[in-house]
Ligand code: S3P
């Protein structure tokens, strides 16, 4: 597999307002969070699991490659179904080479958790974006469980990739209260707990996506979730667990649906249905926010698929009003703020976004990068320490411009692509290749609903 280096050739692209509204029915690729977990949990089950609808993006393929390097057999058949022969909890083997994580924070942090209770040593490397992201948040709890981390090549105390870790068997069960609302940190500890004798407990004051909990239960792990008096979730897992192979259907990714969703709201005359989207409460804060802005979004045919709620999203162009976000809702739309800012830039009146510190440590500093880019295309934006204040155009198209620097961040690229669809002169993105990490086929999908993007 090849990952992007800063000096490779960029794939610049310009997105312009289509002649008429967007229309039609489309499905987006599978959920990234669920895809990573489906591969990891299947790799630990005894026997063969099947996964349908897996996201075949670079981030998930990095997870697959790492698991293969440690002994799991992972194959895709002619129908696009993935077959994973697991090695059993605790059964992963010493990798012979560094594990290349590309752009993927989820692969890195969850696999560190998984390996913390294995008797092996692994080196994690990543691209320029991932190598800046904080790993201290997993190093701290996993060290308490007995894992040892050293920076490569020997920079003492470094908490960014490249890092080498040594797991411990038997690891020490811990009770850990999350200092940041992070599903990755929660999941890393639960994964370490799988092969740790006794009860490992994570306390999360603010609910984050709960796919790990749902799926681990589905795989047969003994996992309980309780609430304390203050509403914090207490998640307990008993190791050493035995996982049974599963058949998993991966729903469409609400974080990917966010782009055609906002595009349909802001391109006049649009009427689009996005089918088969996961609507787990811990993931669809964006839908709630856009509805509060006056967005015409209906959830149709709500159903359950493989333990996750799924619906078709019917969305029509709408006059949006400015909004103030509820900081308590941030985890349920943490990846969707960049495209929410685009919606706010076209709404009537002022939007105030707060409580978004975590956005500064995503694939890029999404507060700074969005503020800079939105200003460059004619939006009125003020950056604050933990968010943005945006004065919208009231539905008038943005001027447009660019090239927008995406800083190896897929969601920056896709957010500005959407902005381009509601601009007078088009928006040029410096490099669309990062989109391959989470949304292969992004521009062709926009074309299927009439965006008229020239690739
Ligand atoms: C993810 C959790 C979130 C999210 C990321 C995927 C996951 O990260 O931003 O895209 O799959 O657990 P944090 O846990 O850092 O908030």
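Just so it is clear, glycine is given a Cβ too, placed from its N, Cα and C backbone atoms.
So that you can see what the record holds, here are the features copied from TrEMBL:
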{"type": "ACT_SITE", "residues": "335", "note": "active site, proton acceptor"}
{"type": "BINDING", "residues": "32, 105, 133, 184, 366, 411", "note": "phosphoenolpyruvate binding site"}
{"type": "BINDING", "residues": "32, 33, 37, 182, 184, 335, 362", "note": "3-phosphoshikimate binding site"}
{"type": "DOMAIN", "residues": "20-443", "note": "domain 'Enolpyruvate transferase'"}
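A map of TrEMBL features onto the structure.
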{"residue": "32", "record": "phosphoenolpyruvate binding site", "contacts (Cβ under 8 Å, 6+ apart)": "55, 57, 59, 60, 106, 253, 255, 256, 438"}
{"residue": "33", "record": "3-phosphoshikimate binding site", "contacts (Cβ under 8 Å, 6+ apart)": "106, 183, 209, 211, 253"}
{"residue": "37", "record": "3-phosphoshikimate binding site", "contacts (Cβ under 8 Å, 6+ apart)": "110, 187, 211, 212, 215"}
{"residue": "105", "record": "phosphoenolpyruvate binding site", "contacts (Cβ under 8 Å, 6+ apart)": "130, 133, 184, 362, 363"}
{"residue": "182", "record": "3-phosphoshikimate binding site", "contacts (Cβ under 8 Å, 6+ apart)": "137, 208, 358"}
{"residue": "366", "record": "phosphoenolpyruvate binding site", "contacts (Cβ under 8 Å, 6+ apart)": "337, 338, 356, 359, 360, 409, 411, 412"}
Could you list the residues of the same chain, at least six apart in sequence, whose Cβ is under 8 A from the Cβ of residue 335 (active site, proton acceptor)? 255, 258, 362, 411
Confidence summary for the domain 'Enolpyruvate transferase' (20-443), mean pLDDT rounded: 97
Residue 37 (3-phosphoshikimate binding site): secondary structure state under DSSP, collapsed to three categories: helix
Running a distance check here. Ligand 1 versus the binding-site residues 33, 133, 411: which have CB less than 6 Å from one of its atoms? 33
For residue 366 (phosphoenolpyruvate binding site), name the DSSP secondary structure in the helix/strand/coil scheme. helix
Any idea of the Cα spread of the phosphoenolpyruvate site, 32, 105, 133, 184, 366, 411, as a max distance in Å? 19
When DSSP states are folded down to helix, strand and coil, where does residue 335 (active site, proton acceptor) land? coil
How many neighbouring Cβ atoms, not counting its own, are there within 10 Å of the Cβ of residue 133 (phosphoenolpyruvate binding site)? 19
Among the binding-site residues 362, 411, which residue has the largest number of other Cβ atoms within 10 Å of its own Cβ? 411
A correct count of other C-beta atoms within 10 Å of the C-beta of residue 184 (phosphoenolpyruvate binding site) gives 23
Where does residue 105 (phosphoenolpyruvate binding site) sit in the DSSP three-state scheme? helix
